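I have placed the structure first, in the form of structure tokens, so that the comments after it can refer back to it.
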Amino acid sequence: MSTVAQIDEVKSNPWGGGRSPFSVEYGKLMMWFFLLSDVFTFSALLIFYGAMRFKNLSWPEPDYVFQSAPGIHGNAPLVFVGIMTFILIFSSVTMVLAVEAGHRKSKAEVIKWMVLTIIGGFTFLSCQAWEWSHLIHEGMNLHHNPFLNANGTPGAVQFGQLFFVITGFHGFHVFTGVIINIIILVNVIAGTYERRGHYNMVEKVGLYWHFVDLVWVFVFTFFYLV
Amino acid sequence: MATQAISNPAAVHHDHAHDHGHEHHHETFLNKYVFSQDHKMIAKQFLITGIIMAVIGMVFSILFRIQLAWPDKEFPFLEVILGKWGAGGRLDPNFYLSLVTIHGTIMVFFVLTAGLSGTFSNLLIPYQIGARDMASPFMNMLSYWFFFAASVVMCSSFFIQTGPASGGWTIYPPLSALPKAMPGSGLGMTLWLASMALFIASSLMGGINYISTVLNMRTKGMSMTKMPLTIWAFFFTAILGVLAFPVLFSAVILLIFDRSFGTSFYLSDIFIGGEALPNTGGSPILFQHLFWFLGHPEVYIIIMPALGITSEIIATNSRKPIFGYRAMIISLLGITFLSFIVWGHHMFVTGMNPFLGSVFMFTTLIIAVPSAVKTFNYLATLWRGNIRFTPAMMFAVGLVSFFITGGVTGLFLGNASLDINLHDTYFVVAHFHIVMGCAAIFGMLAGVYHWYPKLFGKMMNDKLGYLHFWMTFISAYLVFFPMHFMGLDGVPRRYYEFTEFEQFKQWLPLNQFITIAAIIGALGQLLFLYNFFVNIFRGKKAPQNPWNSNTLEWTTPVEHIHGNWPGEIPTVYRWSYDYSKPGAVQDFIPQNVPFSETISSNTPEDFGYHGDETQFVHEFYQAKHLTVSDEQKAEKAN
């Protein structure tokens with residue numbers, strides 16, 4: 001029957017069936033598609049922001065709106081948000097290290113880097129809370145924008161509204177990310193993944209965490225830089 | 001990078017099936033019928049919920065058709081069933097608007113998106129690609145229950161003081177953004193938004209599951225180009241859903257802020273009762289852009305699964321390979337891509353720059369090309385086929401008919417200069433009801449008739465099926481075809497009593513005709529409901545492969561088992577369209593039959609040889625030299 005087997009032999013190429021074409025288990029694939037979907041959510045919000053920005057002839061100056069930082073007297077445009085961005089990106093670095101430690105199945109190191117990532121996430125959220133409360137204190141809220149447009153006309157209310165909605169939506173993503181990270185950390189400590197033989201779950205939440213970071217880069221660009 | 005990644009999904013799911021097999025012994029009612037994680041049960045849940053929603057949507061349409069046909073007659077039964085919304089036997093104008101709104105929402109999202117994709121993607125993806133279940137059965141279960149919750153929330157809006165949302169299924173602001181705008185803009189609109197948020201979550205969980213399953217879990221030998229066209233259609237549909245729905249989600253978030261927290265994203269310069277609202281600087285047009293960025297792909301989310309189902313049914317029942325298999329895939333891909341860049345054709349009259357309008361018109365008209373490719377391929381598949389008119393086949397051919405009729409009027413509406421005249425008239429109503437309403441529901445019904453033996457292990461009654469088909473087919477044309485002429489005359493859609501206008505009075509008799517046709521069509525659906533529900537219990541037991549079909553689902557046992565196949569998952573050797581292959585013993589060769597068993601029908605192409613047939617020599621190939629008499633016979637037969 002060897003000749004029969006020869007003619008009926010099924011070619012084994014990555015897309016030929018019987019295996020994952022990307023050698024990726026389904027959970028990670030699903031995470032990728034979820035992130036792709038979330039890209040569209042954020043894109044829609046940021047494009048809406050862009051449309052509002054260009055619908056108005058003038059728009060508040062970010063250097064002027066975001067010039068405060070705790071502990072600094074006088075003007076420090078974008079210093080605080082720079083620190084926030086640095087913290088978030090740094091937490092991505094620690095997440096990379098956690099994933100890498102997971103590959104080596106080094107439980108202690110995974111725990112260490114996950115804890116640092118979670119701390120980074122919470123620090124970012126605290127910074128955001130400070131910035132929000134500062135801006136609200138200065139009179140910016142969903143109904144009112146005290147900051148004048150660059151050309152001296154009354155500030156577009158949509159600036160503040162979109163700021164709170166979009167950074168809030170991003171902050172919500174960071175918050176869920178932190179919560180998920182904590183759940184994963186608990187599982188790591190409990191040895192769930194050690195028994196399972198791989199730390200794929202750490203990799204999956206890592207994908208989410210990097211995505212949240214990447215989104216922040218765009219939110220940062222839209223609100224603070226241009 | 002992914003060194004520990006699991007590279008053999010079949011093996012993994014073997015374990016999976018085993019785990020579940022273990023639970024099997026103490027299976028409870030709750031985890032078998034309610035919180036089931038089995039794709040077959042979830043498909044049934046989606047289907048039955050979808051049918052219930054369809055009946056609700058249909059009853060609504062009959063109610064407002066009665067109003068349109070007899071605007072000044074009193075119907076005491078309306079007061080009996082509707083209470084204050086039918087006071088004095090007359091339909092309340094605000095409630096009329098609610099009915100059209102919720103009819104649209106239910107039909108578009110709950111029946112033809114979740115009911116259609118949810119049922120057939122869940123049923124057929126694991127079966128036809130040879131998988132034991134979905135990639136994530138748990139998320140699959142969640143997907144159903146989010147859908148169920150969305151349905152309950154949507155229906156619950158009928159039981160509140162101010163009534164359901166009534167700004168149209170497109171929920172344009174400012175009607176939807178200002179709770180004071182009309183009764184339905186209050187709590188009803190809030191419930192609509194909550195329901196849609198749940199729905200989007202359900203659709204997302206379903207979609208990423210379908211995509212991952214198709215990519216990752218095909219059985220051995222099932223390369224992408226051996227997949228049945230149904231799977232290709234579900235695959236592209238899932239991609240559309242995953243990318244388009246989140247944009248609606250963003251639009252809904254901003255709308256919720258406008259409604260409840262006083263922002264001005266969509267609002268500007270509005271007066272209520274002579275008093276100016278504080279909102280400035282927003283733009284309702286932006287909502288339309290966001291909405292139609294979902295809304296247009298959405299119509300393809302509706303029609304593509306129906307087209308996939310039709311491909312399968314037409315090929316099976318014509319006993320012929322589908323004509324242009326790769327062209328079918330490429331046209332699905334083309335439709336998927338193009339559907340993202342045509343949304344502006346819903347907005348030609350919003351003051352859009354005419355140049356931009358012409359760009360949207362151009363992309364819109366290009367969609368006619370892949371659509372026509374598909375239509376001609378169906379016709380070419382039917383051509384000289386050995387056609388068996390099963391009820392499923394009748395509905396599939398019905399889909400082709402509606403797809404052509406509605407597609408042609410799509411060319412009118414895609415044309416910016418014509419659309420400016422026809423916008424928001426009954427011409428639009430006629431167009432989309434035929435092309436996405438009727439065509440898609442015919443695809444869904446075709447699927448139900450075709451896969452009923454697989455779903456329930458029983459056969460449906462054919463005679464009732466034929467009667468159901470003819471009643472539905474004829475009444476659907478009688479209802480929607482005349483609406484084109486009303487639209488050409490400028491009759492506006494969504495009006496409570498347009499026949500009160502002097503220039504539209506002449507349409508009253510036609511309105512009555514349409515309503516009567518609609519009622520007859522609705523009664524026809526009772527036949528289907530009877531046929532469907534009674535045969536679940538009383539139907540004749542189905543054979544394993546009732547339609548002599550090639551796809552893998554017919555190799556599974558009639559009685560559903562966890563993990564689908566009792567032993568190994570079959571390996572796939574050929575595409576799914578080897579019908580009436582010359583030289584074969586039967587007129588079908590299932591996908592899991594190896595070439596070594598079909599030597600008499602193997603062709604040089606099966607061995608990758610595309611040259612002169614007479615030169616080809618292979619130990620598993622029998623040259624088919626036709627004798628003179630054979631040729632004459634063949635001539636005669638043709």
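Backbone N, Cα and C atoms are what each Cβ position is placed from, and that goes for glycine too.
TrEMBL has this to say about the protein:
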- B:29-597: domain 'Cytochrome oxidase subunit I profile' (DOMAIN)
- B:46-68: transmembrane segment (TRANSMEM)
- B:95-120: transmembrane segment (TRANSMEM)
- B:141-160: transmembrane segment (TRANSMEM)
- B:189-211: transmembrane segment (TRANSMEM)
- B:231-257: transmembrane segment (TRANSMEM)
- B:299-316: transmembrane segment (TRANSMEM)
- B:323-343: transmembrane segment (TRANSMEM)
- B:355-380: transmembrane segment (TRANSMEM)
- B:392-414: transmembrane segment (TRANSMEM)
- B:426-452: transmembrane segment (TRANSMEM)
- B:464-485: transmembrane segment (TRANSMEM)
- B:513-533: transmembrane segment (TRANSMEM)
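The average pLDDT for the domain 'Cytochrome oxidase subunit I profile' (B:29-597) in the predicted structure is 95. Same-chain residues lying 6+ beyond the ends of the transmembrane segment (B:426-452) with a Cβ under 8 Å from its Cβ atoms: 47, 54, 107, 111-112, 115-116, 119-120, 123-124, 299, 302-303, 305-307, 309-310, 312-313, 316, 390-396, 398-399, 402-403, 405-407, 409-410, 412-413, 458-460, 465, 468, 472-473, 476, 479-481, 483-484, 486-488, 491-493, 528, 532, 535, 542, 547, 553. Take the transmembrane segment (B:513-533) and the stretches B:46-68, B:95-120, B:141-160, B:323-343, B:355-380: counting Cβ pairs under 8 Å, B:46-68 has the most. Simply put, out of B:46-68, B:95-120, B:141-160, B:231-257, B:323-343, B:323-343 has the most Cβ pairs sitting under 8 Å from the transmembrane segment (B:355-380).
Outside the transmembrane segment (B:46-68), and at least 6 residues removed from its termini, the chain residues within Cβ reach (under 8 Å) are 75, 78, 82, 91, 96, 99-100, 102-103, 106-107, 110-111, 114-116, 118-119, 122, 144, 147-148, 151, 155, 441, 448, 455, 496-499, 511, 514-515, 518-519, 522, 525, 529, 532. Beyond its flanks by at least six residues, the transmembrane segment (B:189-211) meets 105, 109-110, 113-114, 117-118, 121-122, 125, 134-136, 139-140, 142-147, 149-151, 153-154, 156-157, 160, 164-165, 167, 171, 176, 179, 234-235, 237-239, 241-242, 245-246, 248-249, 252, 255-256, 259-260 of its own chain at Cβ-Cβ distances under 8 Å. Listed stretches B:95-120, B:141-160, B:299-316, B:464-485 were compared with the transmembrane segment (B:323-343); the greatest number of C-beta pairs under 8 angstroms is found for B:299-316.
With a cut-off of 8 Å between Cβ atoms, the residues of this chain six or more beyond the transmembrane segment (B:299-316) that come close are 108, 112-113, 116-117, 120-121, 228-234, 236-237, 240-241, 244, 322, 328, 332, 335-336, 339, 374, 378, 381-382, 392-393, 395-397, 399-400, 403, 432, 435-436, 439-440, 442-444, 446-447, 450, 547-551, 576-577, 579.
Counting residues 6+ beyond its ends, the transmembrane segment (B:141-160) has Cβ neighbours under 8 Å at 35-37, 42, 45-46, 49, 53, 56, 102, 105-106, 110, 114, 118, 187-188, 191-192, 194-196, 198-199, 201-203, 205-206, 209 in the same chain. Here the transmembrane segment (B:95-120) has Cβ contacts under 8 Å with residues 42-44, 46-47, 49-51, 53-54, 56-57, 60-61, 63-64, 67, 82, 85-86, 143-144, 147, 150-151, 154, 157-158, 163-169, 182, 184, 188, 192, 196, 199, 202-203, 206, 210, 230, 234, 237-238, 241, 298, 301-302, 305-306, 309, 436-437, 440-441, 443-444, 447, 451, 494, 496 of the same chain, all six or more residues outside its ends.
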